[in-house]
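**Student:** This is the structure, below, for whatever I ask next.
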Amino acid sequence: MDKLVIKGGSRISGTITASGSKNTSLPIIAATLLTGNGTFTLHHIPDLKDIVTFTQLLHHLGAETTYEGNTLKVSSRNVQSLQAPYELVKKMRASIYVLGPMLARFGHARVSLPGGCAFGPRPIDLHLMAMEKLGATITIETGFIDATIPGGKLQGGHITFPISSVGATGNALMAAVLAEGTTTISNAAAEPEIETLCKFLIAMGATIRGTGTTELEIEGCNTLKAIEFKNVFDRIEAGTLLAAAAITGGDITVNGVEPEQMKAVLKKFVHAGCLVETTDNSITLKSPKKLIPTDVTAKPYPAFPTDMQAQWIALMTQAEGSSHITDKVYHERFNHIPELNRLGAHIEIHKNQAIVHGPQQLSGTKVMSTDLRASASLVLAGLVAEGTTEVLRVYHLDRGYEKIEIKLNSLGADISREKYDEFH
């Protein structure tokens, strides 16, 4: 197993280019299952564990893929298997994205329940509800979602999500583009990742109105075509890199971005005392001498993203005073806090709010990654901690950050990747 060994105390400064978005890559790769007409060429696809897992799932279904230099080519011409097995789905909840495309194209899909799903209210219910609104029959047995279409073809319908869900909106879109008639989606997620998926489907030949809003209208079509497409930048990686500079007192320019998509995050950096300048495709951040404590509330886009909440908590450990961080998307997304406190942070949890008391001099020690964004917060803390920090179980980090230690080292960090035996 890999760990990152971080020698703290270096300023993160320089110029870097953002990677392609993981959260956009996964649904557009899933959308390649909608047609066997040609080969897709997808550019700016990041080299990540989740991308590898997803392409393995496509291979299992019968698709052919090649990946070289951040370009992924996919042909779904020979897809035959309609079952997504637990062995692959358990590695990544986003595997549920294959449900909509397979059901719409083939009339049947059998997808293992993602690991950790319990009966009762759970996020996957929204995906299943959307398929049922389009005429699918859903049964769950022996750990599998079995989806069929009694009428042979999905029918346009009206889908209203009780809460905003990026994943369920994406699945509904991919199913609706091949449905017969018109589908409307109310309270759709409006995140840039969904807007990009809409643009991808439109380029394939779909008709979608309301792109970028919470009300979508889709006219079903009979055939779609393979296309060449460039993925968008990863706004969470970009935000994490900005936070790395801010927490260490550095100055950074991140290229290859769309600042408009990061307005909520950039606004908070300004409130924290940073100087932020933007162009059409770059963000420059200059750190203040003292960080100002800044409260954030994570909510669906265009608000501050839940995927930046953990990194913001790490940053606020160095601010002069107390900050309140509230997560209204995932109320209990605070697994990183005990580990940050092990490094010397002073953070309290009250229900869905973290109270960060700063500034605290952090001291390096061993800490354990628990999930993707929690891992990023520990790396940020390690950059500013005194001494050496070892971040264990970085396979979580590798799921969503492309060569993060190489990028940070190019900006002045001292991070090495080492093997370790977790049981010794």
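Every residue, even glycine, has its Cβ placed from backbone N, Cα and C.
Summarising the annotation, Swiss-Prot assigns active site, proton donor to CYS117 and lists sequence analysis as the type of evidence. The phosphoenolpyruvate binding site annotation in Swiss-Prot covers LYS22, ASN23. The UDP-N-acetyl-alpha-D-glucosamine binding site annotation in Swiss-Prot covers ARG93, ARG122, PRO123, ILE124, ASP125, LEU126, ASP307, VAL329. Here Swiss-Prot flags CYS117 as 2-(S-cysteinyl)pyruvic acid O-phosphothioketal.
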**Student:** Restricting to the same chain and to sequence separations of six or more, state which residues have a Cβ under 8 Å from that of LEU126 (UDP-N-acetyl-alpha-D-glucosamine binding site).
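**Tutor:** LEU126 (UDP-N-acetyl-alpha-D-glucosamine binding site) has long-range Cβ partners PHE161, PRO162, ILE163, SER165, GLY167, ALA168.
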**Student:** Who sits close to ASP307 (UDP-N-acetyl-alpha-D-glucosamine binding site): which same-chain residues at least 6 apart have their Cβ under 8 Å from its Cβ?
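**Tutor:** Result: ASN23, ILE236, ARG373.
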**Student:** Validating a neighbour-count step here. Other CB atoms within 10 A of the CB of ARG93 (UDP-N-acetyl-alpha-D-glucosamine binding site): how many?
**Tutor:** 17
**Student:** Only counting partners 6 or more residues apart, tell me which same-chain residues put their Cβ under 8 Å from the Cβ of VAL329 (UDP-N-acetyl-alpha-D-glucosamine binding site).
**Tutor:** ALA298, LYS299, PRO300, THR306
**Student:** What is the separation, in Å, between the Cα atoms of ILE124 (UDP-N-acetyl-alpha-D-glucosamine binding site) and LYS22 (phosphoenolpyruvate binding site)?
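**Tutor:** So the alpha carbons of ILE124 (UDP-N-acetyl-alpha-D-glucosamine binding site) and LYS22 (phosphoenolpyruvate binding site) sit roughly 20 Å from each other.
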**Student:** What is the Cβ neighbour count of LYS22 (phosphoenolpyruvate binding site) at a 10 Å cut-off, with all protein chains included?
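**Tutor:** Step by step: centre on the Cβ of LYS22 (phosphoenolpyruvate binding site), count other Cβ atoms within 10 Å, giving 25.
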**Student:** What three-state class does DSSP give VAL329 (UDP-N-acetyl-alpha-D-glucosamine binding site)?
**Tutor:** coil
**Student:** Pop the Cα-Cα gap between ARG93 (UDP-N-acetyl-alpha-D-glucosamine binding site) and LYS22 (phosphoenolpyruvate binding site) into the table, whole Å please.
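**Tutor:** Here the two Cα atoms lie 13 Å apart.
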